[in-house]
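Here is the structure we will look at.
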Amino acid sequence: MKGLLDLFKQFTPDEHFDAIKIGLASPEKIRSWSFGEVKKPETINYRTFKPERDGLFCAKIFGPIKDYECLCGKYKRLKHRGVICEKCGVEVTQTKVRRDRMGHIDLAAPCAHIWFLKSLPSRLGLVLDMTLRDIERVLYFEAYVVVDPGMTELKKFSIMTEDDYDAKKQQHGDEFVALMGAEGIQKLLAEIDLDVEIERLRGDMTGSELKVKKNSRRLKVMEAFKKSGIKPQWMVMNVLPVLPPDLRPLVPLDGGRFATSDLNDLYRRVINRNNRLARLLELKAPEIIVRNEKRMLQEAVDSLLDNGRRGKAMTGANKRALKSLADMIKGKSGRFRQNLLGKRVDYSGRSVIVVGPTLKLHQCGLPKLMALELFKPFIFSRLEAMGIATTIKAAKKEVESGTPVVWDILEEVIKEHPVMLNRAPTLHRLGIQAFEPVLIEGKAIQLHPLVCAAFNADFDGDQMAVHVPLSIEAQMEARTLMLASNNVLFPANGEPSIVPSQDVVLGLYYATRDRINAKGEGLIFSDVVEVQRALDNGQVEITAKIAVRLTEWTKDKESGEFVPESKLVDTTVGRALLSEILPKGLPFANINKALKKKEISRLINTSFRKCGLKETVVLADKLLQSGFRLATRAGISISIDDMLVPKQKHDLIERAEKEVKEIEQQYVSGLVTAGERYNKVVDIWGKTGDEVGKVMMAQLSKQKVEDRHGKLVDQESFNSIYMMADSGARGSAAQIRQLAGMRGLMAKPDGSIIETPITANFREGLNVLQYFISTHGARKGLADTALKTANSGYLTRRLVDVTQDLVVTEDDCGTDAGIAMRALVEGGEVIESLRDRILGRVTAIEVLHPETQQVVVPAGLMLDEDTLDIVEAAAVDEVKVRTPLTCHTRFGLCAKCYGRDLGRGGLVNAGEAVGVIAAQSIGEPGTQLTMRTFHIGGAASRAAVASSVEAKSDGHIGFNATMRYVTNGKGELVVISRSGEIIISDQHGRERERHKVPYGATLNIKADQQVKAGTVLANWDPLTRPIITEFAGKAKFENVEEGVTVAKQVDEVTGLSTLVVIDPKRRGAAKVVRPQVKLLDAAGNEVKIPGTDHSVTIGFPIGSLVQIRDGQDLAPGEVLARIPVEGQKTRDITGGLPRVAELFEARTPKDKGTLAEMTGTVSFGKETKGKVRLQITDPDGKVYEELVPKEKNILVHEGQVVNKGESIVDGPADPQDILRLLGIEELARYIVDEVQDVYRLQGVKINDKHIEVIVRQMLRRVQIVNPGDTHYILGEQVERASMLDTNDKMRAEGKMIATHADVLLGITKASLSTDSFISAASFQETTRVLTEAAIMGKRDELRGLKENVIVGRLIPAGTGLAFHRARKAKEEMDDAERRSIALQEAEEQALLTPATTAEAVVGEEPAPPPAQ
């Protein structure tokens, strides 16, 4: 009976494992797995379809092909379970053992495993200290390797050709041993003594950098072998395991052909060659034949393991490369990504979606037929429970016949059972939401209009998938966490996601506009009901201005009850009627204005913060209903007459054409270069297009009407097109400009701008040429979109992979580190206020009042909307907040450092997978980012033309710390710093605006003066960059030779001549000298820089126009030379997605700038051929020098004092330099600002903390600078958390700890270098990751989400984190219990046998224990 029960006991996998280890298998291990040796290459008998004995599908080895039946049919049925048939040798058992029983092949000659040979760096090469080329020559029988030199002069490990070998053999006879093939390699590997090698390498860590690097690499591999207990000779195999046959099936097709897995072909080839080799060895065949066969065997084994890794790939009959074992697991269609990370799911369906305007937010319409299929098991169980069907079979029949009772049961089953809807591509967590199904007729799923924004769905044929959560736990999670009405905020930025759009916005906007002199204007009503009556009877129009008495409910501070308060309000009919839908506690002022899309969003946000989730969802639903109704009633439509072409358009275009003609004239007479002409023309047309757009909008947006008193007044226009754009329902000013203004400039496919614009608009119609020019851009747009989607998806994948294991694991790590946040100000505009930046963060230290120094906000408090009101009132301009970057939690993050969970509005919960959320928030808008990189012109050139800054507000002038200026001969202040900024602060000392001022600008203000708004603070020439002297003196030219280093240019029109510095590449002679100017004082001595003995030397860069004469007297601030900006290389501004990817991959930019390595004084040493030697001397006299190419623009001059990390050579910054010189905080600031710049340009809002989370993951590894007493190796990169753990251990033992330097890894690198080999292997470079892991005998602790998904456990995030914690706690308790029981037993044993213990102590013969 017990056997029978065991039989029905379900096959349960081993639940309890905490880690997975990977290693190399020894030959004994492989044999122990095996159920028999595969000796023949035959597969199955094509007539009987039975497997051949000893072949690749042998039933004796792998198990029976029919359940509980042996091959010859002697034993059938369950009663013979476990019997081995004496006739055919097959065990009688289930056929599914053919999925896990392995076989083996005994190789007649050893074969090297190709992964350890060819996967770079070659592990075999590292262990043997031989080059890959040499090992290959030995393995493939082209050369001998010396295994035992004996008493000869030969060296072990040395390589010899066949001729050498013959010569040496004749000379020395059998004194030495040299071998070919894998045997030789295996022998060498077996003779390596790991301990001795490790000692030797550890002692040999000095000398050249290359040697240290090589030794540390070898040491790492040796230590790995030693630690994991793996013997190096196992990298060469004597036994080959054979995959279970059901994993490489052979399926008979009709017509006598077979479909087979490629592995069978590869195995057959190995077996054939192996058998042939064995026979040749038996026959003692000539060496050369045997050798060839061994080589072929090695090649066959190579292709089986990884086809195409070395040499040509083996091909099948149809010339396509065979799919080897390695190909099975790697790539998108490999085991990891196809089957383990992305599975097909049962209980799911998909259909087209249609709009369901009558649904509530938490509902979706589910077609009846689909529901019937999806909920089948629930219906069956219900039918059985009600006694309508006795068996499942009967229930099935009942359902198929479709009796009315089935539909009733379906209604019952579906009640309160949420289903999940998903729309591909699922770019963020709102791409899957749960809804309560409502049964509908038809075959399309109905979707609530408000969730379309989150799904990015529209109803032009989109499809969605439905999934049914089965277990009670799954239903509960779907209900509490995923229900659409619980997800009303975007996790990326905390804005509401259920904002109405399009028709709804238009309806609400129209109804809340006011029209002058509408019917019923000036009436006063007693309540809203009366207004509704008047509207219904046609006595008032919906846009009429009226007064009405409204009741507002305000919350009482003490009791928390709502108290009514009624007052007379000036409003319009539409707004008064809308007031009905406001929840209690939301003031009428929120809708007493024209509701545009932004306003509606703000309304929903305010409602969420003030009235809570439930009220907000109800409000959103009501807004939706009203909006649709009002839009229908408004009857807004557009006609061609709504597109008003501005009257001034003709004049503006004529003026522009005149300007362009002038420039053409200048170009012909040689005043401007071709490039300047193009830029200016493009600029003129760009400006004209904007102006036409401006006058058009001005004309569209206003209309003249008579008011009640018969006067003509302006009012905002009721033009349909204008209303659509103004409300945010559809279209934008730019699009209206194309309809009624002018289309403007078009781009060529390569992104450069065509200088002849399209002056027509769509209202007037385009001519053939204009239409043709338009097609360029339109087609490129479509092609770009396709590329963009793929690139964006790949970026998201990399981001998710690098952050997937970051989960909130504790409440507070107790640090007070953080970053100081202030408002983001650029060019005098506040781009992002302090409030927006710190909302939802936790304060790191107390926030003090700037004047009274009292505590405004204590440390460790989350800044919500109310707290921020207090902060703003106190005029605080800098707050230090906690950040994921400085969180001290080892594995994971703490809630305080993360702050508010943006998708829910409260402090983040433990178990929230913040890493994945960050990755999704950054990746999701990726498709909106432009791929097109702006070339200078059009968009970018207009920014460059700024030539002055003016104050935007009244205030007090201050300069930043790096601002430096001199007074020139005319008494003007000239800026000589590169990063100077003017700061304007208000009377509280709060910074209001900040303006960057370029080198060479003239200041019109002094420090500490008061200015009025509109004052011009500074101006400069935007088209040239000056070079200015700080000191007075007489100019003395050096190396300025006409025709050699400079050329004289004479202007044909004006006749003036200027000197231009020639590019050294074009010079005939004097290629290495640099034209420069020194200054002499009155006595004729060189002027020195104060405080140094360096003379003032100012170089003229390439292409600069020299503005002074030799011997001229100069005052400080005088311009020595100008560099035309157009002459500078116009660097492409990498924009959009590629820029984001570049930042997260931490790539060093090309033409990168140089930062000062230390604080000190600049000097120039001896120059080399094309480079300048730039030196920095610190106060202690230490010198750092760097060679800078001459064509680079050096931003410093001799004798200037620079600070560590300051820019000294022009160019984009390298993130690695920023980290090294300025630290983590500066690096984070740089990456966050740069990424935000790209997204801001597209109008995408992302919270800073998401980017910080990614930066934390990029910094998660450190490089060991000094290993101390730890087991680390110098220069090794290790996980930060594990290093800190090791150091804690060392401290506890009183040993020396390891010191480290921070390392910044790009996201791809960081994903591949995680401690989890399962996660890394499923990401990219599977072979390399697994090879490395196998040699190191790595354990995967299954910490991240991905590894757990792959091994099929609950993920350690969300509810899964609690489950894992509970499981661990229970295991620990069980362990403790087991130990205590064992102790108890031991004590009892001891009490039973007192004599034995005592005697044993004395040391006599112990007495035999008493008989029990």
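Positions of Cβ are set from backbone N, Cα and C atoms, glycine also.
Taken straight from Swiss-Prot:
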BINDING   Cys70, Cys72, Cys85, Cys88  Zn(2+) 1 binding site
BINDING   Asp458, Asp460, Asp462  Mg(2+) binding site
BINDING   Cys813, Cys887, Cys894, Cys897  Zn(2+) 2 binding site
REGION    1388-1412  region 'Disordered'
COMPBIAS  1393-1405  compositional bias 'Low complexity'
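Location within the structure of each feature annotated in Swiss-Prot.
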residue	record	DSSP class
Cys70	Zn(2+) 1 binding site	coil
Cys85	Zn(2+) 1 binding site	coil
Asp458	Mg(2+) binding site	coil
Cys887	Zn(2+) 2 binding site	coil
Cys894	Zn(2+) 2 binding site	strand
Report task. Fill in the CA-CA distance, Cys70 (Zn(2+) 1 binding site) to Asp458 (Mg(2+) binding site), as an integer in Å. Result -> 59
Query raised in the report: To which of the binding-site residues Cys72, Cys894 does the lowest count of other Cβ atoms within 10 Å belong?
Result: Cys72
Report summary line: Given the Mg(2+) site Asp458, Asp460, Asp462, its other Cβ neighbours within 8 Å of the Cβ centroid, in chain order, are Ile353, Ala457, Phe459, Gly461
Query raised in the report: Taking the Cβ of Cys85 (Zn(2+) 1 binding site) as reference, which residues of that chain separated by at least 6 in sequence fall under 8 Å from it?
Result: Cys70, Leu71, Cys72, Lys74, Tyr75, Glu91, Val92
**Report entry** Additional residues surrounding Zn(2+) 2, by Cβ distance to the Cys813, Cys887, Cys894, Cys897 centre under 8 Å
**Finding:** Glu810, Asp812, Thr815, Arg882, Pro884, Thr886, His888, Thr889, Leu893, Ala895, Lys896, Tyr898
Query raised in the report: When the number of other CB atoms within 10 A of each residue's CB is tallied over all shown chains, which of the binding-site residues Cys88, Cys813, Cys887 has the maximum?
Result: Cys887
Requested in this report: Report, in whole Å, the straight Cα-to-Cα distance of Asp460 (Mg(2+) binding site) from Cys813 (Zn(2+) 2 binding site).
Outcome: 50
Query - Under 8 Å by Cβ from Cys897 (Zn(2+) 2 binding site), counting only residues of that chain that are 6 or more apart - result: Cys813, Thr815, Val842, Arg882, Thr883, Pro884, Thr886, Cys887, Thr889
Report summary line: Listed in sequence order, the residues of the same chain lying six or more positions from Asp462 (Mg(2+) binding site) whose CB sits under 8 Å from its CB are Val352, Ile353, Arg423
**Report entry** Cβ atoms near Cys70 (Zn(2+) 1 binding site) (within 10 Å, other residues, all chains)
**Finding:** 25
Query raised in the report: In whole Å, how far is Cys894 (Zn(2+) 2 binding site) from Asp460 (Mg(2+) binding site) when you measure between their Cα atoms?
Result: 44
Requested in this report: Tell me, if you would, which residue among Asp458, Asp460 (binding-site residues) has the fewest other CB atoms within 10 Å in the structure shown?
Outcome: Asp460
Query - Between Asp458 (Mg(2+) binding site) and Cys894 (Zn(2+) 2 binding site), the C-alpha gap once rounded to whole angstrom - result: 39
**Report entry** Output field, Zn(2+) 1 shell: CB within 8 Å of site CB centroid, site Cys70, Cys72, Cys85, Cys88 dropped
**Finding:** Leu71, Gly73, Lys74, Tyr75, Glu86, Lys87, Gly89, Val90
**Report entry** Rounded to the nearest Å - Cα separation of Cys88 (Zn(2+) 1 binding site) and Cys894 (Zn(2+) 2 binding site)
**Finding:** 64
